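Structure first, commentary second.
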Amino acid sequence: MRACALTVKTDARVEGLAPWEHTGAGVSGEEAGGRTHSPREDQAESGDVQSPAPWHTHRCYWDLAELYRWRAQGGTGSHGPAMLLAPRAARQARSATCRRSSFLLSVLFLQMGWGDLGVYGEPSRETPNLDRMAAEGTLFPNFYSANPLCSPSRAALLTGRLPIRNGFYTTNAHARNAYTPQEIVGGIPDSEQLLPELLKEAGYVTKIVGKWHLGHRPQFHPLKHGFDEWFGSPNCHFGPYDNKARPNIPVYRNWEMVGRYYEEFPINPKTGEANLTQIYLQEALDFIKRQARRRPFFLYWAVDATHAPVYASRPFLGTSRRGRYGDAVREVDDSIGKMLQLLQDLRVADSTFVFFTSDNGAALISAPEQGGSNGPFLCGKQTTFEGGMREPALAWWPGHIAAGQVSHQLGSIMDLFTTSLALAGLTPPSDRAIDGLNLLPALLQGRLMDRPVFYYRGDTLMAATLGQHKAHFWTWTNSWENFRQGMDFCPGQNVSGVTTHTLEDHTKLPLIFHLGRDPGERFPLSFASTEYQEALSRIAQVVQQHQEALVPGQPQLNVCNWAVMNWAPPGCEKLGKCLTPPESIPKKCLWSH
């Protein structure tokens, strides 16, 4: 599960706005009949005598959400909307406004399914806080990850780029999923510009809590890629291991490890008891308390409790009707509720943009005890069917995003990159292709933007959606060999000619589904139908343009080496936890599906 919080700067530069919209609107102190006050003076007169916030300026810039709404209503003019207030009232209002929209909170769930939230139809209704977040904000029913696997999807979120562009894929075999286990040599390239790096240009302080998963070697450390703080792990909480053939995964505080999973941070494999979600929650709460009155912040909360082996703390174990997976979901939901409540208690909720989504679909191979639900959609994690990549997604920004909205905008996890930059007053890098859209027009104006969704599996474009039509160019779940060993990515969902166990080529005559009428991808359109021909023509044109312009990044997930595992992470000497690595033998990684 992933969560992002962004503090929105009020002097935001918004692409396409007139000059007055970039430089501020409203009435200055002189225009209202008084002198211009400094930020410190404004704070003193309003009763806020804390140290001046570095992002405040002498002029208060108009609130971004109001600006979008005003533009949508046809507002024009050289001055923009103005508040005609008495001098003191104008200064107080300006001070209050300049503290608004300053924080970004991104919550990322790990392999949570579209059907796991009550607001998406889960019958147990065990996610009251996420459901309330939807009721107070916007729900996206058509939101996608960038990959059916965790690492590439996370790389896409933080770069705004497809994994085929940022290097998080493999060319070792055709259409193979790949990620970052301990033995992987690669990671996020230095050439990629990550969201936290860019936000720092606008004065944001940034923190990641939970799983990083973009490479564990020193050059890939999150603090080398824009984050100011980190508490969490470089890999998933697999284990326990014997620290001989394979080391247990380290947990870091900033630059150094502070222990290992199953050792200093225990997880009971039999009962599923672990206190990790509570530790991650406290890290988030402490960070918000420290920063909310000081600087704009970006918090990336990426807990992995819902990834097998699923865990929850003692107060939540055995409380769900859905088994241990439900226990984990309930605890994470409770944690999100506590974070939202803290924002309200600190009176910064209307300054904080919060987004919740997941990095890939539920892992049906672990269901039902340790996996979630993908609702009406076909298959799950590892596949490019809807169940593998369509995700729950919620946006919350009180006072700006209207409550109880449903947006049918086709959204992508990569949109969080571009949207967060827009909220911070930044534009995306212009020297590279960016796949993420700015969702603010959809969130604040209800505008729907036409865009394709591309479904990649490794180096291969498997499918594409445009509007309500989805075309499959290749179909595959996993091999017959894996399937016979018990690996079933689509349990109980065999669709003849679709959920294949051999990699089937449909590039000359794609399978096309209408996702509105057939969200489960069970009834492909007739090749002879007019609807098929028209949909194929539109999708083929978009795909051709995409492929002609595509410049793949250098693949990062091709080489493995047992010597690069977490044997001796920084800080291990202080703890007496350094282990001796084996001989270095680089080899091709084997990705079976």
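Using N, Cα and C of the backbone, Cβ positions are placed for all residues, glycine too.
Listed features, source TrEMBL:
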- CYS150: active site, nucleophile (ACT_SITE)
- HIS213: active site (ACT_SITE)
- CYS150, ASP359, ASN360: Ca(2+) binding site (BINDING)
- 32-43: compositional bias 'Basic and acidic residues' (COMPBIAS)
- 112-425: domain 'Sulfatase N-terminal' (DOMAIN)
- ASN275: N-linked glycosylation site (CARBOHYD)
- ASN494: N-linked glycosylation site (CARBOHYD)
- CYS150: 3-oxoalanine (Cys) (MOD_RES)
- 17-52: region 'Disordered' (REGION)
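You'll find the Cα of ASN494 (N-linked glycosylation site) roughly 21 Å from the Cα of ASN360 (Ca(2+) binding site).
Shown are the recorded positions HIS213, ASN275; the one with the most C-beta atoms within 10 angstroms of its own C-beta is HIS213. Residues near the residue listed as 'active site, nucleophile' in space but far in sequence (CB under 8 A, at least 6 apart, same chain), listed by position: LEU110, GLN111, TYR179, LYS211, HIS213, CYS236, HIS307, ASP359, ASN360. What surrounds the Ca(2+) site, by Cβ distance within 8 Å of the Cβ centroid and not counting CYS150, ASP359, ASN360, is the set LEU110, GLN111, SER145, ASN147, PRO148, LEU149, SER151, PRO152, SER153, ARG154, SER358, LYS381 from the same chain. Listed recorded positions: ASN360, ASN494; maximum Cβ neighbour count within 10 Å falls on ASN360. Averaged over the domain 'Sulfatase N-terminal' (112-425), the predicted model reaches a pLDDT of 97. Around the Cβ of ASP359 (Ca(2+) binding site), the number of neighbouring Cβ atoms within 10 Å comes to 32.
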